[in-house]
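Some notes on the structure that comes next.
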Amino acid sequence: MRSNIVTEAGLPTRIKQWWGSIPFITSGVVIVCSVIYLICLLFGYDSFYEICFLPSQVVSHFQVYRFYTSVLFHGSILHVVFNMLAFVPLGSELERIMGSVRLLYLIILLSTTNAILHLIVALLVDHNPFHPYAYFMNECSIGFSGVIFSLIVIETSLSGAQSRSVFGLFNVPSKLYPWILLVLFQLLASNVSLLGHMCGILSGFAYTFGLFNYILPPPSFYASIESSSALSFCIRRPGFILCTGSTTYGQLPTYSSGTGTTAPRSLLPDNLWRNMSSWIPRRETSVIQEGQDPRFPGRGRTLGSTRNQSNTTDSDSNLQERLLDDTTTTHAPTDLRDVRNPTVTTVEVDGSVLTNQGSDSFEEELKKLVAMGFEKTQAEVALAAADGEPSVAIEILMSQQG
């Protein structure tokens, strides 16, 4: 007789559940950094001189690639493990707030601004007229910790908390929290880049204060990326979070369009992001329907055209025969495939034309999703990504809410 005892989940199950709860971009960063470290470990690559952020080499040889390679490489197993464990809760929270594409853009932006600030400070210290100090120009820095410090500042600002706990030992004001961490890491750890971490904090505050609003793309840019054919597979992943459906709280810096009398003008042309969006490949449609939204391609695509082509042809011919025989007009299709098939069927009866457009079925499915409680914009993006398949769209929407 089996005992009626409930046992707790084992360690492998807990690890699997923990990993499954991490959003798409956050888990992707963890995988990329871990794989790069394992490859370096297998091939015995441990000099890092060619890929680290070295201000002297950036200035003398214009090696801008160091802005990004230095972020992805780590010096030891403890280095990569500690950074990734610190990044997972921060990245997960911010990805649920901003969305996956916006977080990826934010990481690239912070990597760039951190390196630029690092370079400027190193040059100023090296060329100051009172006491030139060339140490920072020759300091070789690697690791994701500079971006992590920036994300700490941003997440603390968005949370609205007045105080933060430092390792569960004592609470400090939120504005001082990143600076306290900076001092503690300098005292407790060795071989730590003070300038790299400090520039990360400064970039985080610059983002929260809106200084980067000039180079932030508009929401339509993220929407065009999410509706592109290149990301159709990623959007179907359970951990992918749409920018239109992400949870927002606090004050999230937004794009400055430069319109109005008091708003500052952007450093980039107003139509730059729009032009960049036009370069992104879109999903092709087999039928061009009037009134189709260009942000969500695929509405006019025939679902299951290879599987149900013969059945659809028979259904259309039977429908035409019934319409020719009967004196009344029937608008409702008799097969479920007719409802979900976005092709345009035209039948002529006594000189009159009956048209069944696929856009009507798309709008009907969209209304059903909205009636189920989903947000309209998010439901529209999910339904377009699912190629009009309501069951797949519901799975995408449920994964975003989970």
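Placed from the backbone N, Cα and C atoms, the Cβ positions cover glycine too.
Record features (TrEMBL):
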- 21-45: transmembrane segment (TRANSMEM)
- 65-91: transmembrane segment (TRANSMEM)
- 103-121: transmembrane segment (TRANSMEM)
- 133-154: transmembrane segment (TRANSMEM)
- 166-188: transmembrane segment (TRANSMEM)
- 194-216: transmembrane segment (TRANSMEM)
- 284-320: region 'Disordered' (REGION)
- 303-320: compositional bias 'Polar residues' (COMPBIAS)
- 361-400: domain 'UBA' (DOMAIN)
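Counting Cβ pairs under 8 Å to the transmembrane segment (133-154), the top-ranked stretch among 103-121, 166-188, 194-216 is 194-216.
Here the listed stretches are 103-121, 166-188, 194-216, and the one with the most C-beta pairs under 8 angstroms to the transmembrane segment (65-91) is 103-121. Residues of the domain 'UBA' (361-400) grouped by DSSP class, helix first, strand second and coil last, total 32 helix, 0 strand, 8 coil. If you look at the transmembrane segment (166-188), the same-chain residues 6 or more away from its ends with a CB under 8 A from one of its CBs are 149, 152-153, 156-157, 159, 194, 197-198, 201, 204.
For the domain 'UBA' (361-400), the model gives a mean pLDDT of 79. A Cβ distance under 8 Å defines the sequence-distant neighbours of the transmembrane segment (103-121), meaning residues of its chain 6+ beyond its ends; these are 25-26, 29, 53, 55, 58-59, 66-68, 70-71, 91, 94-95, 136, 141, 146-147, 150-151, 154, 195-196, 199-200, 202-204, 206-207, 212, 215, 217, 222. Through the fold, the transmembrane segment (21-45) approaches residues 72-74, 77, 80, 83-84, 87-88, 91-92, 95-96, 100, 103-104, 107, 144, 234, 237, 239-241 of its own chain, all at least 6 residues removed from its boundaries and within a Cβ separation under 8 Å.
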